[in-house]
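Asks: Below you'll find the structure I mean.
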Amino acid sequence: MTGHPFKALIVDDATTVRMYHRSLVEEAGWATVEAENGVEAMEKVLDQPVDLMFVDVNMPIMDGYAFIKTARASEKVGQIPIVMISTEAQKIDRDKAFEAGANHYLVKPASPQDIANLLTLLSPEDPS
Amino acid sequence: MNSLLDQFVSECRDLIETSSRALLALETDTENPAQINELFRAIHTIKGASGLFDFKPLTSCVHAGEDLLDAVRAGDVAFNSGIADLLLEMLDRLVEWLDSIEDSETLPSDAQEISAALSTRLRDYISDGAGVNDADDTSQQTEVAAPWPDDIPVLEGAETGLSLITYTPGETTFFAGGDPLRTVLAAPGLLWMQVVQPDDWPDVDQLDPFMLKIGFRLVSSATVPDLEKHFSYDIDDVSIERIAATDGPSAIEQLADDILQSQAALLATPQTGVAAENIQKSAADVVARVGRNLNVSDDAVGDLDATIADVRGEPAGNDPAPVDKPQVAEPEKQPAAAPAKQRSSGYLRVDSDRIDALMNLAGELIVAKNAMPFLARKAENIEDGRELVREIKMQHNTINRIAEELQAAIMQIRMVPVGSVLSRFNRLVRDMSRKLGKDIRYVVDGEDTEADKAIVDELSDPIVHLIRNSIDHGIEDPTERAEADKPKQGTIRVSAFNKDDSVVIEITDDGKGIAVDKVVKKALERGLIDAERVNAMSANEKLQLIFLPGLSTKEEVSDLSGRGVGMDVVASMVRRLGGQISIDSEPGLGARVTLSLPLSMAVQQLMMVEVGDGLYGVPVDSVVESQKISPVSIRRHRDAEMVLLRDRLIPLVRMRDLFQCDAQDDPETLSVMVVDVNGHESGLVVDRFHPGVDAIVKPMSGVLANYDCYSGTALLGDGSILLALNLREIVECQYH
């Protein structure tokens, strides 16, 4: 890893969950940006491009589905891979995530090992 | 306690608060979708966050609550007060559990039992409400299936992945010659088995032993096709879920596989326009990342590309993205030297102790700054010291400005809306009015009004008592109200607003008001005041007697408001905060108690006065004017002394008498400081006036705390101590 770590955006309205994910992501050597809802997430990601986004489903103001759709419609940030994280484990929920445009779906709470593996697999090419 | 758990507890407490508020709002407006959503989201968030820890009873009970709310949200179950009560009970339980988590990081030992009982009752509402469309049995099954992997012990074979089977044979299985237990025991790769009892066991006298009521849960190391083959006769009653191995080298491959399948699923969804293009690029990027990070050859990635193209119905090898970049989209270029700009959030949660520490330092700075005028005065005595004096004064001004700005900035941090305290009483009003058979609406105005956190924290107690009093003694029974031609529902309104440098809180009820004559009668009976004084009082002044210690107008003690919390207790709480309290009442129409509190307990401006050999501080806010009067202008009425100042007759308080110093020997003029206490002016006769000073007044502790005449002490710049006067007590001392 170089001096410029990869960066992940973590979008979740629950502070505890955000803190949990942040600690796991940072443990893997990534930098993090956090947002509490879709609108804030959009602002953050337009301000500073990230390499990966973790998005919760149920949030006030703008939920995860709406956020993903908005992000995908953006020229600037539409291509960033998105992983949706939700408490619901049913197929219909997965399908809804893919319809919105998510690249992957994890069931909450994701184990530390899952997150670590996911980050290993989804690391972008090192710019150095 | 670790910080994540700490965060969890504090977030849950906030969410419980939000939930209770929404629940109570729902009781008056049962179909308000915004409130239902808010409630659902709060409960959902608690459930989600609790899943990070090993508090299964908590999680499962909240999960049941969430499911119930989901049904309410979907319109399957109608919200009613029974549901509200049950959910409130659940929230109470959560608060208890959170306390336990905070103390010991574990749930109480009876949590499992309580959670199970609560969950059953919560789920009963779902099945009751959804009784009509209960045919949707499969959803029920998956509902049960979701949480159950948690109960499974650690099993061998987990490294290669496991299959979870839920087997719910039909009731008439025995009549069809089926033998479910035998089928289960003969399942391939069986590792673990559990019998699942239905939630709705019929009563024993209605139980038909020939009907099969139970189901099974199995864990097997066999693959899904093998299991499907084994259960082929009962396949409709079986659901099989494959879970990936938990760790080991295969986990990451399994995940890679999942991610790649996800890309296929993503690309299979109908998409249009920019989004479609972006999605294809992102999927290609994900595939490239996974390929590269798994160290698979380009061929393998090519195969995956082909798979994806296949799913999309395109010929393999074609560019999946119809744009000018022919190959897999490059990952977004990192800005070469992105500055380490990492503000994670606009808000900072800070321990209030740290802010208090900062506040104390700022306070000390302000006190230290007070030393500079002393220095300047000293410098005046030095030969050629004028230049030095000028410089010291300039420095004093600069430091003064900075200290004030610093203090203002810290105060701003400490300002919190009073709404958080006020809205909390919704529940109190609801529970208490129910118990008393009264119908009462609780309204809060001006929740956004801000005050210092220390003040807001202390507000709760006096307001609770005042609201209790209103519910218990103020608002009448519905029948009584009807007879008085008033709306059946009573209203308690709490309004908060800023006025000058204080925050005012009014607690108004439209109850029967306060009978002044009863108050007066009690006060006379108890010997708290003499008849002559009462006769000279206005109706409003008589009403204020209710704050006298030991006076309670309610004949019998109620188990709700009790005798301990008379108005005098409330009044002393408010005064301890440096506030004032007053009451208005219109018999038959209601009563209004007004609390006026300082915005902050921090720095006060004090006027200094000298009495005997001591220096005392008087809050500048209370000072009306300072006057020199001639002793001959004093008028006497019995024991009381008064002076006429600009058409106002002002009673005098001889501070020397009060502090038991010898009287001054016949001064030519008297120094009188006119102060305003609760709208009444009094003149304090002191020896001399001194300039004002900024000081942090700290309440006295220990033995000294019993001296009601002082509100606290402050340190002066020269190191001496100033006693701040509690004007109210001093003026009252004079009367008694």
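In case you wondered, yes, glycine gets a Cβ from its N, Cα and C as well.
Fair warning: this is a prediction, and the values are worked out from it, not measured in the lab.
Here TrEMBL flags B:1-101 as domain 'HPt'. Among the features that TrEMBL reports, domain 'Histidine kinase' is placed at B:356-601. What TrEMBL records for B:603-736 is domain 'CheW-like'. Residues annotated as phosphohistidine in TrEMBL: B:HIS44. Sequence annotations record features per position, and here TrEMBL assigns region 'Disordered' to B:310-345.
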Asks: Would you count the other CB atoms within 10 A of the CB of B:HIS44 (phosphohistidine), including those on all shown protein chains?
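Replies: So the number of other Cβ atoms within 10 Å of B:HIS44 (phosphohistidine) is 24.
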Asks: Looking only at the domain 'HPt' (B:1-101), how are its residues distributed among DSSP helix, strand and coil?
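Replies: When I sort the residues of the domain 'HPt' (B:1-101) into the three classes, I find 83 helix, 0 strand, 18 coil.
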Asks: Using DSSP, break the domain 'CheW-like' (B:603-736) down into helix, strand and coil residues and give each count.
Replies: 24 helix, 75 strand, 35 coil
Asks: Take every residue in the domain 'HPt' (B:1-101), average their pLDDT values, and give the whole-number result.
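Replies: The predicted confidence over the domain 'HPt' (B:1-101), as a mean pLDDT, is 86.
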